[in-house]
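A.B. asks: Copying in the features that TrEMBL gives for the protein in this structure:
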type	residues	note
TRANSMEM	6-25	transmembrane segment
DOMAIN	35-443	domain 'Amino acid transporter transmembrane'
TRANSMEM	62-83	transmembrane segment
TRANSMEM	132-153	transmembrane segment
TRANSMEM	173-189	transmembrane segment
TRANSMEM	196-218	transmembrane segment
TRANSMEM	238-257	transmembrane segment
TRANSMEM	269-292	transmembrane segment
TRANSMEM	312-337	transmembrane segment
TRANSMEM	358-378	transmembrane segment
TRANSMEM	384-404	transmembrane segment
TRANSMEM	425-447	transmembrane segment
Amino acid sequence: MPFWAQILAIKYIVLYRINKIFVILDISELFRSLKCLMNILKGNIGPGILALPIAFKYAGLWVGAVGLLIIGYISTHCMHILMNCHDVLKIRLENDPSLNPKKTVGYAGIVKVCLASGPERLRKYTEAGTQVINTFLNVTQIGFCCVYIVFVAQNFQQVIDSSNEINPREEKIIMAVETVLFIIYCVSIQSLSALAYFSLLANILNFTGLFMVLYAITSDAPDPSTRDAFKEFSSLPMYFGTVIFAFEGIGLVMPLKNKVKDERNFSRLFGLLTLGMTIVISLYIAVGFYGYLKYGDEVLGSITLNLPAKPLFSRLVKMAFIISIFVSYGLQFYVPVNIMWPKIKRNLPSQIQRFHHVANVIFRIVLILLTFLVAVLIPHLDLLIALIGALASSSLALIFPPIIEFLTFSVEEKGVSVFTIVKNSLIILLGVVGCITGTYSSIRGIIEALEND
């Protein structure tokens, strides 16, 4: 065996010895944990983080920072709620012949088992509840794809034009070319394992671009006193929608937890998830704070659009994110296809069943064209992000997890504590108010923007 292979094959390293006791480091588990941590960061870092400076524009510099910290804490807590419910459901069902505990893997799976083993009067709504979650997951993921098309088009236009101006006609042409490329990409590569290689490329470019952005916005930043600490209450719904859009990784929590050898290492209070989300929230606050501090009310839907068009540095930043987002489109697109296609395939007429591969390609093309149509109709990145965040992301991140906890623990012997009832009710209230006001404000903003175009 060559030397490098022997190094890679090492599983344990003795760190040090105390008398006759050896302290051993499990290399394989360390790398597994690092990979999991990187996946947490990857799942929460995308176009959403680049839109946070405009969220601070809606809220103000200091209110934006404090609000982001609070929403980040609540979102992380809701992730822990999902994991706790998963653990309880797994124990409850491990001896049940009708339900396999593995079905709790994934967001929709948790809801399905939660309702199926929950209060008797709600069990008949098991399939309906699962479909509701799948619908919100589909809307969120397709919404991400729409945002990606607008993001790539606007940034690429600045790269080729050497200008910070957005030309609507050129933007639509770029979107059309993008769509053709997305069709080729998503039809040619249908395997998740094949997409994993593209995911690695996207990760490298994402983090490279992000640190370049942080360097750009922290250089020569003005004094914080030059920016408004608080804007106005009427713009807070737009702030909420934009911020909650950034917390897009809640659907990854259960798959990541199940890949870690020691699940307690992932889900405990100061475990991998908490560490990863602490880093994510810190990056969110840094980008939002310094982005708004640097550009003030001139900040655009993505901080990359504010970077000067001509310098090579700015072009490299934009190209890094363009390639990263283009590659990530296939990963986001995989989720709704994986949810919707099996059901569509089962309901195909018998004459078409023989040609299900062709039908699958047609379905993918139609779905991609749908994202293109939405992007063309709403070519305003900031408003589109706020709409998707308020309408769909708020439900998945804030509203559904507390409801799942109520249903899961209501049939347990200890029941649901008064503290949990009050705490979860407040989280649900925040999510519902943010969802309604954020959706209304973003739709009104979209209508006004389209009238002025």
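Cβ atoms are placed via backbone N, Cα and C, with glycine included.
Whatever TrEMBL says is automated annotation, not expert-curated.
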A.B. asks: At a threshold of under 8 Å on Cβ distances, which of 173-189, 196-218, 238-257, 384-404 pairs most often with the transmembrane segment (358-378)?
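C.D. replies: It is 173-189 that shares the most Cβ pairs under 8 Å with the transmembrane segment (358-378).
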A.B. asks: At a Cβ cut-off of 8 Å, and with pairs 6 or more apart in sequence only, do we get at least 3 pairs between the transmembrane segment (173-189) and the transmembrane segment (312-337), yes or no?
C.D. replies: yes
A.B. asks: Mark yes when the transmembrane segment (425-447) and the transmembrane segment (384-404) have three or more Cβ pairs under 8 Å (sequence separation 6 or more) and no when they do not.
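C.D. replies: These two segments touch.
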A.B. asks: Rank 62-83, 132-153, 196-218, 269-292, 312-337 by Cβ pairs under 8 Å to the transmembrane segment (425-447) and hand me the top one.
C.D. replies: 62-83
A.B. asks: Considering only Cβ pairs under 8 Å, which range in 132-153, 196-218, 312-337 makes the most contacts with the transmembrane segment (269-292)?
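C.D. replies: Ranked by Cβ pairs under 8 Å, first place goes to 196-218.
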A.B. asks: Cβ under 8 Å, sequence separation of at least 6 from the ends of the transmembrane segment (62-83): give me the contacting residues as numbers and ranges.
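C.D. replies: Apart from its flanks, the transmembrane segment (62-83) reaches 52, 55-56, 107, 110, 224, 229-231, 239-240, 243-244, 247, 250, 253-254, 257, 266-267, 269, 273-274, 277, 280-281, 284-285, 288-289, 292, 397-398, 401-402, 404-405, 427, 430.
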A.B. asks: Would you kindly list the residues that approach the transmembrane segment (238-257) from elsewhere in its chain, counting only those six or more residues past its ends and only Cβ-Cβ distances under 8 Å?
C.D. replies: 36, 39-40, 43-44, 46, 48-49, 51-52, 54-56, 58-59, 64, 67-68, 71-72, 75, 78-79, 82-83, 86, 104-107, 109-110, 137, 140, 144, 263, 266-267, 273, 280, 284, 335, 382, 385-391, 393-394, 396-398, 401, 434, 437-439, 441-442, 445
